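Residues annotated as region 'Disordered' in TrEMBL: 1-20. Annotation comment: TrEMBL describes 29-48, 384-405, 417-438, 458-477, 498-515, 521-542, 549-570, 590-608, 620-642 as transmembrane segment. Here TrEMBL flags 146-342 as domain 'Peptidase M28'. Under the heading domain 'Endoplasmic reticulum metallopeptidase 1-like C-terminal', TrEMBL lists 652-879.
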Amino acid sequence: MVDRQRKVPKTKSKPSQDATNLHQIDSQLGMIGVLLILICGSISSYLLSNLPDALTRAQLENNPGAFIAERAWENLKVLNDIGPKPTGSEANEKLTANYIKREIELIHASKHANQQLLVEHQVVSGGYSVAFLGHPLTSLYRNVQNLVVKLKGQNDYDGTSPALMLNCHFDTVASSPGASDDGASCCVMLEIMRVLSREPKRNRHSIVFLFNGAEETPLQAAHGFITQHPWAKQVAAFLNLESGGSGGKEVLFQSGPGHPWMIDLYAQAIRHPFAQAAAEEVFQSGLIPSDTDFRIFRDFGNVPGMDFAHVADGYRYHTKFDSIDYLSLPVLQRTGDNILALTRRMVNSDELANSWKEESAKGKSVFFDFLGLSFVQYCTNTALVINTVVSIVAVQFPLYGLCRATPYGISTIFKEAAYGFVATVGGILGSVIVNLIIGHELDALGYALSWYSSRYLILGLYCGPALLCHCFAQMIVNKLFADKKTPLNLSQIVQSRLIGVSVFYSLLIMPLTLMGIRSTYILTVVALFSSLSSLTTSVLGYHNTTRKWLLVHTLFQILTMLWSTNFYNTFMQLFIPISGRIGGTKNPEILIGMLAAFLTFLTTSYLTPLISLLKKPSELTARIVAPILITFFLTCLTPASFPYRDESAKAPAVQRHYITHALRLYHDLQGNLRHNDSGFLIREMDRNSERVVRDILGPEGVVRMREMSSCAEEFFCSVPFYSMWHQIRFDNFWLPGPAPSENKMVTLKLKQTQQIDKHIRRLHFTLDGSIQSSLMIGPKSGVRLVNWSLLDELTTETEFNGQRGHFVLVTHGLPGEPWDITMDFEYRDANPEGPIVDIAVVTTFWEHQENHTREFNNLIEKFPSWAHIIPSVAVMNVYVF
């Protein structure tokens with residue numbers, strides 16, 4: 001007994017240096033952590049791209065009522081072969097519309113006798129005011145087409161019962177056949193209609209299938225339906241099928257607003273979940289330069305819905321490579337399985353019937369899938385509880401367990417936790433600063449977008465340096481705050497440092513939760529896995545060991561690595577292609593560098609403190625430095641970093657160039673031509689655009705539009721904008737050249753001037769021509785536009801080049817008659833002499849290659865095979881009245 005009592009205080013006294021070293025592990029094992037990250041990243045990448053097998057016609061008998069991808073694929077082949085289908089073109093207004101009509105007629109002919117299918121062809125005109133990225137405009141449309149089908153439900157007796165709407169658009173941007181955006185969605189809808197119409201039993205509620213013919217213009221046919229079609233009053237919820245890429249999984253990236261019951265039904269119905277509330281918040285933040293019909297149904301119809309989109313391979317989005325050659329049947333099968341199951345669940349639910357009740361709209365959902373294997377959803381009130389509990393237990397579990405295991409070192413545990421917090425903050429600050437410096441220098445040296453088609457370079461350019469910063473932060477803290485008298489062994493010191501990491505997460509989670517940021521779940525899940533690891537360690541009594549504790553910790557960190565690398569793959573899949581179409585004024589290196597810094601921290605935050613266990617930490621950092629140096633060598637000294645790829649690579653990643661052959665005609669107050677010029681307008685789409693354009697066309701001939709005399713003398717620089725929605729955020733270049741051969745144009749004629757009172761003058765115009773056009777209205781100094789006949793309300797002015805004015809986009813579907821419009825101008829002085837307003841009318845011709853001049857074709861041919869050219873012709877008439 002005496003001997004045993006003497007041994008107790010020895011175990012509680014400070015361990016010798018030799019005893020501490022017993023807790024160290026071989027430095028070679030440090031690379032296991034790096035290897036695990038790469039393995040988990042590969043697994044999450046595989047799961048992100050894995051698609052189900054497609055069903056064929058031959059399997060129909062064994063799969064009654066199933067979505068058959070082969071039938072949808074046959075429809076898609078036809079739409080793809082029609083080619084580009086911009087609104088107003090024969091390809092869109094006749095060939096595509098007629099084909100979809102024909103398929104609907106065939107479905108109607110083969111439906112079950114118990115089903116009722118109603119078909120309407122809507123040709124609609126209208127308009128609305130909208131702002132995109134803070135730039136307001138007026139969006140007008142004339143004679144655009146909607147093909148609308150209603151599969152009547154059991155409850156649809158008088159056309160007032162609630163219905164579910166499925167929406168797609170069959171128009172495309174110029175130069176793109178739009179196989180994914182949005183032909184695949186329309187074919188999925190045709191197959192869903194085919195399947196449901198052949199079932200013997202009617203669904204409880206009706207389904208409205210909207211095939212709209214003017215989405216890219218933007219979003220106009222959807223507005224025509226939701227504000228003018230009688231069936232729109234029945235729509236209680238909608239599913240919008242879109243694409244921001246070329247295939248892959250469809251992600252649920254917007255829902256509601258409110259109406260959490262929709263996410264509940266998604267959770268019950270979807271076989272292959274891929275949904276993130278974080279995607280919704282990122283999209284609605286404006287970081288993604290796109291919008292969908294979801295916005296129209298939400299804002300103008302006050303209808304809740306869910307927005308789905310394919311986002312893989314965004315390089316091909318809105319290019320000639322968005323074709324059936326880069327899609328597959330499994331893409332259609334997965335989307336079809338999910339949307340068919342969700343449609344069935346929703347149209348037979350009580351929730352859809354009750355969706356108009358006020359209580360149904362209340363609340364928001366936090367939702368996410370875990371690697372596509374499971375789906376989690378809960379309300380924001382529950383999120384507050386979960387995030388609060390996790391924030392507490394993430395600190396409390398390891399602290400309590402460690403204090404129980406080492407009651408003699410409680411104060412030291414708190415001190416080491418503080419060091420862990422400092423190291424975490426230092427690592428984050430260091431990684432952000434270092435990645436900002438790297439991004440700035442790579443851009444300055446001309447290596448912007450080097451990772452564009454070789455995304456593995458990001459690991460060495462940004463993730464590796466970020467990881468090094470976290471490792472160095474831990475090593476510096478070890479050096480500065482080493483305590484030779486500590487009562488804790490090395491393993492316990494590291495566990496204490498990990499508490500500091502949890503404190504950081506808790507201090508981040510709670511404010512974000514209180515701010516209503518639903519994406520906080522990304523951090524909460526990481527903290528939860530750490531909490532479970534600590535709980536397991538305490539239950540098993542492993543706090544006083546090294547290898548057993550480390551094994552438990554690593555096993556739970558594998559879950560964290562799978563979770564965080566899934567976000568890495570998803571965000572990079574989304575933002576890397578987007579960086580090629582955000583314009584030349586933004587440095588994409590900063591965007592990707594900051595993403596890499598955040599995601600590296602998310603992945604390694606609970607791993608980097610383990611560097612203190614290594615006998616020689618410098619050996620690990622040296623091994624990390626090696627691939628970083630190799631990556632910089634590949635980037636700066638080899639062709640591996642060239643950003644773009646043509647189709648010979650079987651994975652095209654092109655540089656985009658919008659080139660407009662423009663003629664500008666300037667008229668005086670009497671309507672006589674006072675001046676004209678012509679040339680080529682080139683939009684700067686990415687960071688390398690200007691250099692490429694100047695290399696191809698010569699540095700002397702190409703000038704920036706803002707540096708031209710017309711920019712100083714004319715309203716809005718006389719830039720022939722076809723849609724300020726897209727163009728205002730880009731710089732433009734001008735190359736003088738011969739005039740285009742196009743003679744047709746939209747004309748604006750002043751019919752009458754009417755003096756309303758001594759300070760208001762009304763101008764009566766006739767707008768003639770059924771071609772895509774735009775109006776730019778710039779009142780003179782001291783004059784303002786106070787009313788017009790274009791819309792019931794007057795759109796807010798937009799600003800460009802320091803000038804304010806009104807921008808009106810006019811889209812034509814089917815040809816229409818001349819249009820009489822009026823504008824009322826108010827001025828300070830009674831009966832002013834001279835002009836009161838500048839009005840520019842821009843006529844834009846898409847898919848008019850047969851009318852391109854030889855000079856225009858020669859210019860296009862100068863661009864390399866890895867450049868995707870979107871050509872157009874524009875005639876701009878600048879009037880003064």
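Here the Cβ of each residue, glycine as well, is placed from N, Cα and C on the backbone.
Remember, TrEMBL labels are computer predictions, not curated facts.
Outside the transmembrane segment (458-477) by six or more residues, the chain places 419-420, 422-424, 426-428, 430-431, 434-435, 438-439, 442, 450-451, 497, 572, 592-593, 596-597, 599-601, 604-605, 608-609, 611-612, 617-618, 620-621, 624-625, 627-628, 630-632, 634-635 with a CB less than 8 A from a CB of the stretch.
By the Cβ criterion (under 8 Å, sequence separation of 6 or more), the transmembrane segment (590-608) is in contact with the transmembrane segment (29-48), since 3+ such pairs are found.
If you take every residue in the domain 'Endoplasmic reticulum metallopeptidase 1-like C-terminal' (652-879) and average the pLDDT, you get 92. Of the candidate ranges 384-405, 498-515, 521-542, 549-570, 620-642, 549-570 contributes the most Cβ pairs within a distance under 8 Å of the transmembrane segment (29-48). By the Cβ criterion (distance under 8 Å, sequence gap of 6 or more), the transmembrane segment (521-542) is counted as touching the transmembrane segment (384-405), at least 3 such pairs being found. Annotation: stretch 498-515 has the most Cβ pairs under 8 Å to the transmembrane segment (417-438), among 384-405, 498-515, 549-570, 620-642. Most Cβ pairs under 8 Å to the transmembrane segment (498-515), among the stretches 384-405, 549-570, 620-642, belong to 384-405.
Within the chain carrying the transmembrane segment (384-405), a Cβ under 8 angstroms from the stretch's Cβ atoms is held by residues 378, 413, 417, 492, 495-496, 498-499, 502-503, 505-506, 509-510, 513, 520-521, 524, 527-528, 530-531, 534-535, 537-538, 541, 543-544, all 6 or more beyond its ends.
Nonlocal intrachain contacts for the transmembrane segment (620-642), taken as residues 6+ away from its ends with a CB within less than 8 angstroms of a stretch CB, comprise 27, 30-31, 34, 442, 445, 447, 450-451, 453-454, 457, 459-461, 464-465, 467-468, 471-472, 475, 611, 614.
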